[in-house]
Amino acid sequence: MSNQKNQEIEVLRGVAVILVMLAHYPFLAPVREIYWLPVIQKFHFWAGVDIFFAISGYVVTRTILNLRTQPRREQADLLIRFWFRRFFRLIPMAWLTLLIAVLLSAFWNDRGVLKTPIGNITDAFFQLIYMSNWRAYWCSVNQSDFCGANTHFWSLSLEEQFYIALPLLIIFLRRKFWWLAVALIVVQFPLDRPLLSLFWVTRLDAMLWGVIIAVAEDNGVLSRIRPQFMNNTFLRRTLLPAIIILICWLVAGGHSRYSVGIVAILSGVLVWFASYKQGYLFKHADTFWRPIAWVGARSYGIYLLHVFCFLAVYELFYRIYGSNEALGDAEAVAVLSLGLAFTLIVSQITYTTFERPITDFGRRKAKQIKLPFQNGAQQTDGPIDPVKTNPVPATL
């Protein structure tokens, strides 16, 4: 299984985070309701998160599938190193963003939309214990000063819960674990999942489709069902936007109780196309689609930071003009444009100076850490050779 970075997956990440920002735009700038309400009544964009979920399920499962066949001691070794890497990939950047939220709510918050410092500190606590999705649900039905401005962290907590549970299921169920994935998809599919409802903030089906795609790839199934029809230029250029439009249409206005389940399937289809690295989804991903791939590589930071970057710019205009009523269409365009530029700049700075270095540090340390049970694995009845007993870290 190749570990070379899949540029089509990176482009798909970029598309997903762009959709999420579109979903949030009406609340991050003084855009008049007559402009955005008719749009989101027909097409909503929050399903970009489901594309993220499908990507995560696929990418993460590929890295830990060998847990199925390893002895118990090696499983523990691989599992701890996996969790160690995921911690440094996700948590430091999340904590940095939560700190920014607390500071902005304390010192740059005349409009009050960033809630209160105590609310954002409470958000940080729930993120610390990976429970932001449950908190997002609670805050959606209980207005409280102890709710902050970090609702979008719900998806991060759900993914963290997934990263804890998935490898354990692989260890205990081994090659049968994918049957549980299928069963959970079937159970969730008919559930009615309105926005920010309990079943909405705990949905797993898109991630589980990613799991199934990774298992199918590992078993050689994908090589036998290649979507060769996507080599047709007209079909590829038609089908990709059609799927994106259909996803956005399905989640607007609650067309059906099955909409979220269908969106998960379509998100899985996009990941399936991208998994081959053959240009089935994005031809010339390294050239024509390179700007979107650039966004995709920084999508984690963009997702976490964009709310606060836009609201910081919005706050600046509010202070200059004195009220929301004084902000017209021109100011709305300015806030959107400057907010986007500010988001990309801040995301690039944090990516190069914080996110990527911390992630690389976690990868290096995951290879170097010495686990307490490793020495026991080296015990023999004869004399111990200190060279031979020096443990070599296992890597994924």
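Including glycine, each Cβ sits where the backbone N, Cα and C put it.
The feature domain 'Acyltransferase 3' is assigned by TrEMBL to 7-351.
According to TrEMBL, the feature transmembrane segment maps to 12-31 (among others).
Sequence-distant neighbours of the transmembrane segment (43-65) (same chain, 6+ residues past either end, Cβ-Cβ under 8 Å): 1, 9, 12-13, 15-20, 22-23, 78-79, 82, 155, 158-159, 162-163, 166-167, 170, 195, 203-204, 206-211, 213-215, 217-218, 245, 247-253, 260, 263-264, 267-268, 270-271, 275, 299, 303, 396. TrEMBL lists 43-65 (among others) with the feature transmembrane segment.
The transmembrane segment annotation in TrEMBL covers 86-108 (among others).
TrEMBL lists 234-252 (among others) with the feature transmembrane segment.
Counting only same-chain residues 6+ beyond the ends of the transmembrane segment (258-276), those with a CB under 8 A from a CB of the stretch are 6, 8-9, 11-12, 47, 50-51, 53-55, 58, 185, 188-191, 193, 200, 203, 205-206, 208-210, 212-213, 217, 222, 226-227, 230, 240, 243, 246-247, 250-251, 282. TrEMBL lists 258-276 (among others) with the feature transmembrane segment.
Sequence annotations record features per position, and here TrEMBL assigns transmembrane segment to 300-321 (among others). Away from its own ends, the transmembrane segment (300-321) comes close to residues 17, 20-21, 24-25, 28-30, 52, 90, 93-94, 97, 100-101, 104, 108-111, 113-114, 149, 152-153, 156, 327, 331, 334-336, 338-340, 342-344, 346-347, 350-351, 355 of its chain (Cβ-Cβ under 8 Å, at least six residues beyond either end).
Among residues of the same chain six or more beyond the transmembrane segment (333-354), those with a C-beta under 8 A of the stretch's C-beta atoms are 21, 25, 28-31, 92-93, 96, 295, 297-298, 301-302, 305-306, 309-310, 312-314, 317, 327. Marked as transmembrane segment by TrEMBL: 333-354 (among others).
Annotated region 'Disordered' per TrEMBL: 376-396, in sequence order.
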*When you scan the chain for residues with a C-beta under 8 Å from the transmembrane segment (86-108), skipping those not six or more beyond its ends, what do you find?*
114-117, 119-121, 123-124, 127, 148-150, 153, 156, 159-160, 163, 300-301, 304-305, 308, 311-312, 315, 350, 354-355, 358-359, 361-363, 365
